[in-house]
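Undergrad: Here it is: the structure, laid out below.
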């Protein structure tokens, strides 16, 4: 409960902070002439809105009105937050974006699928097989069918995989 | 009668085998993503955007419209058969439909949902056909100040009516408007909020934001509190269609249609609101109110029809004014824009052939959806049972792929991840994500119209309310807002007394 409240304050604070940034940075936007409605006016409105809603959420939280977590078919509201799994997924996504340029899309994609499925509880070898097959199939479809080629990386020059 | 000729020409186009295939692809994908938890039509359209650049705009829009309609059909199958309903637009269906399924009357529930969706979808598309050209004719005369007024209405209703907390809705809208500001100002060429990063100079792509907030945000959120154990699907039992089935269903279908369509047309919260209203109406009119809550077929037939009619209604402001009032509609506007087409009053004159082919494909798509969702429902039950680790791993993979395919730079994936994390926290704390997407797409359009208004008036803000249309619009908005606040306060007082 307390942790939830801290998070709620933090998100409200973030919204307000984005608003402050919007307002401060708006004054740095160069205005060419003295026309009243340049590129600054709308950002001021948006910034004010963010600051107001951010502060209002913080006040609401202090008065005990917390946001209601969204319902979803696959979400069990009775269990505690599993931060480890969330962390694993973020890590896998980071690895994916780093690997694309280094090892190529097929490798990065297979790792993303395998890592995510495994983190979420799939049997490791089955997840690995599906990941490799899926990554290769998508690579071939892109290279041959759609005319958009994904970086082949380590498969450079391999027919079918390198578009 | 011009529009009837135009519609017939539209049918001639849409009935070509190639376009029929695209429509089939769209409705099939739409049903699949509607059935599957974790992905919705908004995200699917966003993901497909970069992949459809090679298609002609008519084909792409036919696919997207199919996904939009299909998502509505698929969602009801899930809420009837899955033990753990979610997704606001089908909550009401789950209320009665799920009870029916558990009582061994799943077949009748699925049938009334699918046929009701078909009846409502077809009538609502017909109303769209009749109304849209007329509204477009009137809308041509609207000035920039009038558009500002309409957009203010759209912003307010989307932010305040979706989700449990209007305050958080506005915060979400603000975040979307802010993301829309990032990039180069179209009127002066100034860079705004780019922090000097070249990737941000062209702005943050709609695809990246929509996919981040829907796909990555949802996947992280599910991962944080995943429901473990087997996926329990209620077996489909009972008779499909009996005499009593038709007798009890047809009136709720029609009532649902005429509740849903206007609510979708006037930007007033879209499908969710209409299903609740239809449910309340059916409960009140029923001769057997005691059955409600235990599996009353009227409680499935009405809301499902309302749901689909509202979806078609949303297309009216979308096509005639260029105003999106739901997240999916917003992404479809982005799709139009990516082809250099601005939806709005001129669409019916400038891109007449395309619009009518699109509308014709809606009729065709509805027929396809009826076939896909009634006789073939067993297939969707199988789709529903995809093990969740694979489902969410697949969602993440295609999210990353769709984002990467926009510009083929890995930097976009950093933006995707950041927005995904924001989407995750928004879900945890009850911030609706739809206002963010609507704000992102409508924001730049609103700014342009606002600046144009003030340029013409030489900075006099009075110009914003000078036109009668704008003045009336703001007036109605104020009255409705005050009424909503009064209702809310009264309800709170009543709750406090109990």
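Glycine too: its Cβ is placed from the backbone N, Cα and C atoms.
Note that TrEMBL annotation is computational and uncurated.
Per TrEMBL, the features are:
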TRANSMEM  B:20-39  transmembrane segment
DOMAIN    B:20-437  domain 'DUF112'
TRANSMEM  B:107-132  transmembrane segment
TRANSMEM  B:144-163  transmembrane segment
TRANSMEM  B:169-188  transmembrane segment
TRANSMEM  B:200-223  transmembrane segment
TRANSMEM  B:321-341  transmembrane segment
TRANSMEM  B:353-372  transmembrane segment
TRANSMEM  B:392-422  transmembrane segment
TRANSMEM  B:466-487  transmembrane segment
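Have a look at these and tell me how they're positioned relative to everything else.
TA: Away from its own ends, the transmembrane segment (B:20-39) comes close to residues 14, 48, 55, 59, 62-75, 77-78, 82, 86-87, 214-215, 218-219, 222, 361, 364-365, 368-369, 372-373, 380, 383-384, 386, 391-392, 395 of its chain (Cβ-Cβ under 8 Å, at least six residues beyond either end).
Mean model confidence for the domain 'DUF112' (B:20-437) is a pLDDT of 89.
Here the transmembrane segment (B:144-163) has long-range neighbours at 88, 169-170, 172-173, 267-270, 272-273, 317, 321, 323-326, 430-432, 434-435, 438-439, 442, 445-446, 449-450, 452-453, 456, 463-467, 469-470, 473-474, 476-477, 481, 484, meaning same-chain residues at least 6 beyond its ends whose C-beta is under 8 angstroms from one of its own.
Beyond the transmembrane segment (B:321-341), the same-chain residues lying 6 or more positions past its ends with a Cβ under 8 Å from any Cβ of the stretch are 40-42, 45-46, 49, 52-53, 57, 60-61, 64-65, 68, 71, 135, 139, 142, 147, 150-151, 154, 157-158, 206-207, 210, 214, 264, 267, 270-271, 314-315, 347, 350-351, 354, 433-434, 437-438, 440-442, 445.
If you look at the transmembrane segment (B:353-372), the same-chain residues 6 or more away from its ends with a CB under 8 A from one of its CBs are 6-7, 9-11, 13-15, 19-20, 23-24, 26-28, 30-31, 57-58, 61-62, 65-66, 69-70, 73, 114-115, 117-118, 121-122, 125, 128-129, 132, 312, 315, 319, 341, 347.
Only residues 6 or more beyond the boundaries of the transmembrane segment (B:392-422), in the same chain, are considered here, and those with a CB under 8 A from a CB of the stretch are 38-39, 43, 46-51, 175, 179, 199, 204-205, 207-209, 211-213, 215-220, 222-223.
Note on the transmembrane segment (B:466-487): residues 142-143, 145-146, 148-150, 152-153, 156, 160, 457 of its chain, located 6 or more positions outside it, place their CB under 8 angstroms from a CB of the stretch.
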Undergrad: Under 8 Å between C-beta atoms and at least six residues away from its ends: which parts of the chain pack against the transmembrane segment (B:169-188)?
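TA: Contacts of the transmembrane segment (B:169-188) (Cβ under 8 Å, skipping residues fewer than 6 from its ends): 155, 158-163, 194, 200-204, 209, 419, 422, 426, 431-441, 443-444, 448, 451.
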